[in-house]
């Protein structure tokens, strides 16, 4: 595919490759790294008391002066020790186990993790999903006053986050559904955190959120919406810490690069901006879309997938300052997500779902009319419009071929993405009334959460009064 060189995305970066660990199972994919980058395991566990907070500060001070090489070596040793301890606990009753066998288990585990992370091996979760039982259905665990516009899960699947058109940001427990609300600070505090008030009174005082993202280490929550700012929150304290300025339009989508503090934001001004949450700084902006940017997604590599109202889907290769452009022929893109580093899914306003390859300009497989309007959603009783069949959300269970899509037709559909045959196979339909504006799989594949509401995420093109505004969870039984 032709690579279109894009000026203005920013200067190329130069970085050093890690030479600390020569074990092939520990090495990451070769890539140019930015100045601001950190590792998956460099995190601080959330604290509930002041004493635990002080302990965390002491730990930070202890490693404050170590070099990058020392830090990577320490993290690698911690990872090896943790895996060895886990394997030893699993086989502690086996007296005949020797050191060579334990080493082989550690190497096998590291190899599997690296292959899954790079996308070379995927778990067969789609084949493991068992037939649904009568008790298996969506259950609303968190309620909002207005339509939910975004949902996300922490890396350990224990906590969830949701935002809605009512401006509330909720942090909730997956098992119990108990939620806590993030409190917006005063205008003076927001101004001290970098917020620039707009001339428009509506924009200035509107805290309506349309997108959110959670960092892999569970330290930062990013939200964005009508006020044209990207807001950064500390998950440990649930306090507002920074307001990133720079977008001239509504912030419509957010995502973190896996394993880093690098944050991507898409806006109605057509730009894709890059920030560093840990250092709370702006890095650069990527250009290319000629209209509003609607949805973005990213994995571990420095590549960002985006779709916009200009009927294009673009894959930005940030270090090389290049991008690949994929065009929709008959419809507008509504959402997108990565399947792996070389394949991705898109949802359109004509009700179709498409599977794309990085090597081809056209989709390799299309499911037409994926979300047809079912009988219970007739226009008389539920004010159903053509917007009900728009595919407003797609999600993939990371490291597997299990995917899901949502619209306003009354159900969430599960799919199996077959890379070898380049096909999408339908699996199950999960009834859920309302507009499904956001989806997220648990990393284990054991459940699926959906942000649902009476209205679509980015407008008021339809209204389903029978729907409930909130976050719904559906268990998935794997064999």
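Cβ from N, Cα, C; glycine included.
Features of the protein shown, as given by Swiss-Prot:
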type	residues	note
REGION	1-73	region 'Disordered'
COMPBIAS	8-17	compositional bias 'Basic residues'
COMPBIAS	18-38	compositional bias 'Basic and acidic residues'
COMPBIAS	39-51	compositional bias 'Acidic residues'
COMPBIAS	52-73	compositional bias 'Basic and acidic residues'
REPEAT	246-285	repeat 'WD 3'
REPEAT	288-326	repeat 'WD 4'
REPEAT	328-366	repeat 'WD 5'
REPEAT	386-425	repeat 'WD 6'
REPEAT	431-471	repeat 'WD 7'
> Counting only residues 6+ away from its ends, which parts of the chain sit with a Cβ under 8 Å from the repeat 'WD 5' (328-366)?
Replying inline: 1, 118-119, 122, 294-299, 301, 303, 305-309, 311-313, 315, 372, 387, 389-396, 401, 403, 405, 407, 415, 417, 419, 422-424
> Averaged over the repeat 'WD 3' (246-285), what pLDDT does the prediction give?
Replying inline: 94
> Counting each residue once, how many in the repeat 'WD 5' (328-366) are helix, strand and coil under DSSP?
Replying inline: 0 helix, 21 strand, 18 coil
> According to DSSP, how is the repeat 'WD 7' (431-471) divided among helix, strand and coil residues?
Replying inline: 0 helix, 17 strand, 24 coil
> What are the DSSP helix/strand/coil residue counts across the repeat 'WD 6' (386-425)?
Replying inline: 4 helix, 21 strand, 15 coil
> Looking only at the repeat 'WD 4' (288-326), what are its DSSP counts of helix, strand and coil residues?
Replying inline: 0 helix, 23 strand, 16 coil
> In the repeat 'WD 3' (246-285), how many residues does DSSP assign to helix, to strand and to coil?
Replying inline: 0 helix, 22 strand, 18 coil
